[in-house]
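S.K.: Annotations for this protein, taken from TrEMBL, read as follows:
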DOMAIN    162-333  domain 'Helicase ATP-binding'
BINDING   Asp175, Glu176, Val177, Gly178, Leu179, Gly180, Lys181, Thr182  ATP binding site
MOTIF     279-282  motif 'DEAH box'
DOMAIN    449-599  domain 'Helicase C-terminal'
Amino acid sequence: MEYLIGQRWVSHADAQLGLGVVVGVDGRRVTLAFPAVGEERTYAMDNAPLTRLRFKDGDHISTVEGVELVVTAVDEHQGLLLYTGLDHHEQEMTVSELELDAFVQLTTPQQRLLNGHFDRHEDFALRVATLQHMHRLQTSPARGLMGSRTSLLPHQVYIAAEVGRRHAPRVLLADEVGLGKTIEAGMIMQQQLLTGRAGRVLVLVPPSLLHQWLVEMLRRFNLHFALFDAERLSEMDESGDGNPFEQEQQVLCSLGLFLDDPERQAQALAAGWDLVVVDEAHHLHWSPQEAGDDYRFVESLAACCVGLLLLTATPEQIGRESHFARLRLLDPARFHDLEAFIAQEEGYRALGDMADALARGEVPADLPSDMDRALPPPELLEQLLDRHGTGRVLFRNTRATVQGFPQRVLHRHPLPLPEAYALAEVDDDARLFPESPYVDDSWLDFDPRVDWLVDTLKAMRPEKALVICARADTAVALEHHLHLRAGIRSAAFYEGLSIIERDRAAAYFADEAGGAQTLVCSEIGSEGRNFQFAQHLILFDLPLNPDLLEQRIGRLDRIGQRGDVQIHVLYLEGSAQETLLDWYDRGIDLFRDSCSAGYLIFTHFEERLRAQLAQRDADFDALLNDTAEFTLRTREELREGRDRLLERNSCRRDVALGLIEEVQSLEDDDTLENYLEALCEAFGVDCEYHSERTQVLRPSEHMLTGHFPGVTDEGTTITFSRERALAREDLVFATWEHPITQEAMDMVHSTELGNAALGTLKLKGVPPGTMLLEALYTVNCVAPRALQVDRFLPLTPIRLLVDARGKQLADLVPHARLNTLIEKVKKHTALAIIKQVQKEVDAKMTLANAIAEERLRDILPAAEARMREELGAELARLEALREVNPSIREEELEYLRYRIDECAVHIRHAGLQLQALRLIITT
Ligand SMILES: Nc1ncnc2c1ncn2[C@@H]1O[C@H](COP(=O)(O)OP(=O)(O)OP(=O)(O)O)[C@@H](O)[C@H]1O
């Protein structure tokens, strides 16, 4: 090998040195300067780990002056290479190799292979596997649904898939209490973030639910929200770094932060969000006369964010009008007329009948005129639901459809009315909450509910009971009494506590060993919290709103409840509470069955009920009968009309079951386990068996990078079993979509790991000394993530195996087979081989590139056709839908048209990327 001063060489022993230049040749020694690292090294010529750097036509080079050229010709002059190329103005220029930038990164497979930077065959195989898995995940129907630590419940999976795949989803998630709206919102967010449809997310929740949300999002979805409270915001203000909302991508805070604070509102509005989520949205104040500050703020947010999820279990808690007002936030164009909305709801019964008939295979005579009667009934049913239902904006699943819920069992506990209460002058409020007029705690001494509570809790020990009362003062007094005077382990949960104190109290109650036996909550504890680990609910009083009562019961009667829910209602005989209990129990039958029309029924009878609460008389039985009859009728109407349609729209079981099956099949085989093991091996992470389908990952001394995603110094225990992950919170649930897997895959994809290898092989029928080149290409489409072009044009790995005569043998010798046959070659032999076959490799690469390009010519039009078919069908559907159901917003249509055009442009410009190259010599 001849060395001349000025030539450029790279060290294949240490790629980090950058590009060296020969600065001295002295007998048998050569000295190189490596300007990128400011070092000089001298080597013995006969075993220097150096390779001459020689660029070729089409390579990108850059000079010390920062000029970038695409090489068009290479000449040699007095032993030095001269590169001619075009800069980005298409100007031609020629530079000597002396002028090349020393910070060269040899990363392409061909450069690395030809310069002697070989990888292990295991790493080569890992790279190929990574690209194949990435491709498979990109095209999976279950994309975005695999990574949540939740049971796969059809109604949730359906909603997550249906809403999560929309661009800019704007929906009201209104499943009945405790059916998992938070989980659905998490699944939707996870999917939107994973697929790039959303990046910036703002979640607004009541203060008492902040931590519960924070924890649920993290442990179930690996979503790291920044929790903003007043303190953190003022610290951020002081730091002078500008708008705090612009400093985080996913923010969780309470709506209260913004009330009466126009400046904060302006900051949040200016920060721009892809998705805004509002929990317990029934609290937003609105009436036809006046909108509250909270409503107006959310309305401003709704106007400038693209996606909006509103969550409420009791959409009509404050009445139909405010239900309408929330729908208006989602789509002001569609929901602009309250009267029309109410009239339309009335037509749902007829639609429900038609849907039933179609489900039975009959085509009803009165089918809407926009529908094509010639279609088969299942398709007509799809169209009917799609075009005439409310499914696009409103999702509501009920216990009746979800099934598997335990019973609610009512226990009435009459107690004598103390004289002090009987004789007191009372108003409406004090009738229901007789202790409320007391400024001190003296009522504890004579109120029989207190002793009952103490005795019952003691008798129940160690079973846990949630106690709910309407007022914070009552909760505090009761808890003090239980705790200090009766020696019952208890905690209070009320609005006077800070958020952290509330969470501490809830955690103390949840603690199985040594925790509180009871938690005494004011009404704020009746909303959103998860207390299903308890089976006893003690209602110290009853609220004067059936939806609030439903929320209270929902704390225990929710997903995850394992036994029947025992509802104990304490009441003072002859008091307004007894009347209210009778009305709820015998009128609405709310203790046995949840009722979405509770508020409607309440408003219908409110006047008569209030009169009976003030003074029960002979009319009460009539009130009970009327209420029961009205309730029956209303439930029936809802079941026949709105709910029936909503249910069909809110969960299509067959679709959901198909998706669940897909997720399960990905989980059940051991591909991920084997793949992660190979990844760990490649990166120097120890993988130790823990128990069935569970491993401990630990950084080893030979860790390749400073960090492997998700692996801590102490070790991270991961399980591949969903069942175990649900039972054991401390284990990481490893799925294809867990950040560990995703980031590790990215680490392989975005670096050169495994992209160049050399080996030998004995192959029957192939003479020794034959050269084979195994090349893997992927389709490289540069496009904004939000367009999701990868749905139509995924990575599409193309594997070629070219022999010396240019024959393509990929199908004959599959990659997996090659992996089992290939043998390692010592580094110096490999370097000797590569020097000899340089020219041949170049020639075969040209050939391989041509074959791959030819394949690409088929792939791109097919991808465009697929995109046009899929998005075109979506567009046609939306256009048809819009004719009859204006809940489709014009922007949705416009965006879809724009997306089709943009996707087409990007698909046409897609190119190939050589991802990995392996040179094989037969022996
Ligand atoms: N698929 C699931 N797998 C496991 N647990 C779940 C699942 N869905 C819901 N849960 C649990 O059930 C409980 C109720 O869920 P969630 O809080 O999402 O309900 P919700 O509809 O928002 O309730 P609320 O109406 O009270 O606000 C929570 O403890 C949640 O963690």
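Backbone N, Cα and C atoms are what each Cβ position is placed from, and that goes for glycine too.
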S.K.: Could you give me three numbers for the motif 'DEAH box' (279-282), the DSSP helix, strand and coil residue counts?
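M.R.: So the motif 'DEAH box' (279-282) is made up of 2 helix, 0 strand, 2 coil.
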S.K.: What's the most sparsely packed of the binding-site residues Asp175, Glu176, counting other C-beta atoms within 10 A?
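M.R.: Glu176, out of the binding-site residues Asp175, Glu176, has the fewest neighbouring Cβ atoms within 10 Å.
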S.K.: Using the recorded ATP site (Asp175, Glu176, Val177, Gly178, Leu179, Gly180, Lys181, Thr182) as reference, state which further residues of the same chain have their Cβ within 8 Å of the centre of those residues' Cβ atoms, listed in sequence order.
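M.R.: Checked against the 8 Å cutoff, the neighbours are Glu184, Ala313, Asn397, Gly554, Arg558, Ile559.
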S.K.: Taking the Cβ of Val177 (ATP binding site) as the reference point, list residues of the same chain whose Cβ is under 8 angstroms away and which are at least six residues distant in sequence.
M.R.: Ala313, Thr314, Glu550, Gln551, Ile553, Gly554, Asp557, Arg558, Ser594
S.K.: State the three-class DSSP label for Thr182 (ATP binding site), counting H, G and I as helix, E and B as strand, and everything else as coil.
M.R.: helix
S.K.: Hey, of the binding-site residues listed (Gly178, Gly180), which one tops the CB count within 10 A?
M.R.: Gly178
S.K.: Kindly assign Glu176 (ATP binding site) to one of the three DSSP-derived states: helix, strand or coil.
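M.R.: Looking at the DSSP assignment, Glu176 (ATP binding site) belongs to neither helix nor strand, so coil.
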S.K.: Counting only residues 6+ away in sequence within the same chain, which have a CB under 8 Å from the CB of Thr182 (ATP binding site)?
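M.R.: Looking at Cβ-Cβ distances below 8 Å from Thr182 (ATP binding site), excluding near sequence neighbours, one finds Gln212, Trp213, Glu216, Asp279, Leu311, Gly528.
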S.K.: Compile a sequence-ordered list of residues in the same chain as Lys181 (ATP binding site), six or more apart from it, whose Cβ lies below 8 A from its Cβ; state 'none' when nothing qualifies.
M.R.: Leu173, Ala174, Asp175, Asp279, Leu311, Thr312, Ala313
